[in-house]
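Trainee: So TrEMBL lists the following for this protein:
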| type | residues | note |
| --- | --- | --- |
| COMPBIAS | 1-17 | compositional bias 'Basic and acidic residues' |
| REGION | 1-21 | region 'Disordered' |
| DOMAIN | 34-161 | domain 'Nicotinate phosphoribosyltransferase N-terminal' |
| DOMAIN | 335-436 | domain 'Nicotinate/nicotinamide phosphoribosyltransferase' |
| DOMAIN | 440-551 | domain 'Nicotinate phosphoribosyltransferase C-terminal' |
Amino acid sequence: MDGKLEVNGDVNDEKQNHRPATIAAPTNPMVTPLLNDLYQFTMAYAYWKAGKHNERAVFDLYFRKNPFGGEYTVFAGLEECIRFIANFSISKEEIAFLREILPPTCEDGFFDYLQGIDCSDVEVYAIPEGSVVFPKIPLMRVEGPVAVVQLLETPYVNLINYASLVTTNAARHRFVAGKSKLLLEFGLRRAQGPDGGISASRYCYMGGFDATSNCAAGKIFGIPLRGTHSHAFVSSFMGPDEILEKSLKSHDGSRICEDFLSAVQTWLSKLKRLSILKGVFGDTNQSELAAFVSYALAFPDNFLALVDTYDVMKSGVPNFCAVALALNDLGYKARGIRLDSGDLAYLSCETRKFFQTIENEFGIPGFGKTGITASNDLNEETLDALNKQGHEVDAFGIGTYLVTCYAQAALGCVFKLVEINNQPRIKLSEDVSKVSIPCKKRSFRLYGKEGYPLLDIMSGENELPPKASERILCRHPFNESKRAFVVPQRVEELMKCYWTGNADKKREELPTLEENKERCAEHLDQMRPDHMRRLNPTPYKVSVTAKLYDFIHFLWLNEAPVGELQ
């Protein structure tokens with residue numbers, strides 16, 4: 001389930017003969033040919049009725065604008081698309097349902113045709129998953145019989161749209177938080193249904209998060225899991241008398257503390273007597289202390305306490321420290337605290353001072369660096385604000401704003417016909433941003449002297465590709481005055497073949513989730529800082545060759561109707 005191909009037969013045979021290996025079904029069993037818009041099936045019937053259903057078509061999947069007011073996007077969802085196409089078939093039950101919903105005038109031969117189709121005559125070219133991508137550049141190019149490829153449109157847009165959006169959202173949170181902070185995805189309870197939750201965990205991890213609270217995602221994708229306890233656990237205790245089993249074996253197993261509660265209470269008294277802490281706290285909440293002791297007895301190696309149920313500095317932090325110090329005496333090291341409300345910058349700084357005071361006063365190495373995790377409806381803006389205020393948070397637990405992509409509802413992927421029967425097609429619009437770029441194309445990324453990408457450029461399939469150290473004219477697809485000569489230091493072709501159907505071509509192996517995560521981090525590191533900044537980022541240039549520019553505008557004038565004034 002981690003993205004590696006499940007191969008039946010000899011791996012070497014598959015590589016030598018380029019025969020398709022067996023690929024697992026989509027992660028979500030609801031991803032079937034019926035996960036589709038009705039008009040895809042009505043168009044398929046109309047193609048079939050007209051005898052056009054086997055005409056060779058080329059479609060581009062791309063988006064028109066980067067999300068979240070930024071200037072980059074991270075491409076995700078490719079693996080699920082390949083899983084879908086590799087297992088594409090319409091069952092007898094699905095055919096029966098289609099007979100019910102389509103008009104009774106639809107001929108029986110069409111349903112026989114549907115039952116026999118697969119994607120053995122389809123080819124898919126795509127930019128590798130986890131790559132940084134930009135508007136207008138095709139993320140995927142799908143070639144095949146027009147009726148079959150039309151049936152892939154809605155599932156593909158569905159599988160790419162949210163995946164790329166939430167991966168980009170995660171990458172943006174990682175950029176603001178910085179590389180040194182631990183990022184935890186806590187969004188399952190607020191996600192848009194079960195699949196929204198599973199997808200969010202997977203793609204947030206790809207986008208730079210370190211772990212998730214989602215156990216199902218941990219099982220399916222191998223994502224590290226993190227979690228402690230809620231306020232309900234703390235408030236469920238009434239006092240120390242509820243702790244019946246008080247013994248705890250030391251970390252090395254050499255001894256047993258028969259009354260761990262008493263050891264904790266002794267440490268709490270020592271803290272209270274410290275002159276340097278006078279005025280910080282008085283009598284702490286004893287039910288909270290009981291909850292912390294109980295949790296430490298259950299998880300002495302992984303003790304992390306939620307400290308804001310009653311009062312952070314007057315109760316939660318002192319109670320945590322007393323338990324952590326008692327654990328330390330037995331050879332355990334407490335993980336830290338979690339703050340879920342209040343002024344996170346101030347409270348984290350005060351907590352760090354408390355920890356450092358204990359390290360200095362009692363000579364306990366490393367206690368001052370005990371972990372501080374913050375949650376509480378965090379987003380890009382709050383992370384940025386915390387950075388500007390100054391804080392001592394080591395890890396952020398982020399949920400609602402991350403997984404729901406609260407700042408933007410959708411990426412807006414589209415799937416446009418660009419060629420049929422080797423004839424280029426163009427979609428025109430009064431809104432220039434919605435004009436499609438026709439014909440089968442190749443895409444390249446040109447790198448400059450400093451190692452940063454300069455721009456992406458599209459060319460016609462049969463044009464000579466750009467070469468390093470050779471000057472090339474790069475043109476804006478639609479604006480005549482925007483053009484520049486570029487001498488790239490390195491040229492990278494973006495699209496690779498991921499599905500060959502029955503064609504005798506080599507295809508790329510699907511990477512694992514970890515490999516996609518690494519690619520995402522590498523690509524983000526390659527980008528020029530001014531393209532990445534949160535406010536007023538510099539737009540990244542997307543261009544076409546001079547030859548493709550001329551062809552686009554020739555076809556535009558050829559296809560656009562000529563008005564007549566009277």
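Backbone N, Cα and C define each Cβ position, glycine as well.
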Trainee: Within the domain 'Nicotinate phosphoribosyltransferase N-terminal' (34-161) only, compute the mean pLDDT.
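Mentor: That stretch averages a pLDDT of 97.
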Trainee: How do the residues of the domain 'Nicotinate phosphoribosyltransferase N-terminal' (34-161) split into helix, strand and coil according to DSSP?
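Mentor: The composition, in the requested order, is 54 helix, 22 strand, 52 coil.
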Trainee: Summarise the domain 'Nicotinate phosphoribosyltransferase C-terminal' (440-551) by DSSP state, stating how many residues are helix, strand and coil.
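Mentor: The breakdown for the domain 'Nicotinate phosphoribosyltransferase C-terminal' (440-551) reads 24 helix, 36 strand, 52 coil.
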Trainee: If you run through the domain 'Nicotinate/nicotinamide phosphoribosyltransferase' (335-436) with DSSP, how many residues end up as helix, strand and coil?
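Mentor: Helix, strand and coil residues of the domain 'Nicotinate/nicotinamide phosphoribosyltransferase' (335-436) number 39 helix, 22 strand, 41 coil.
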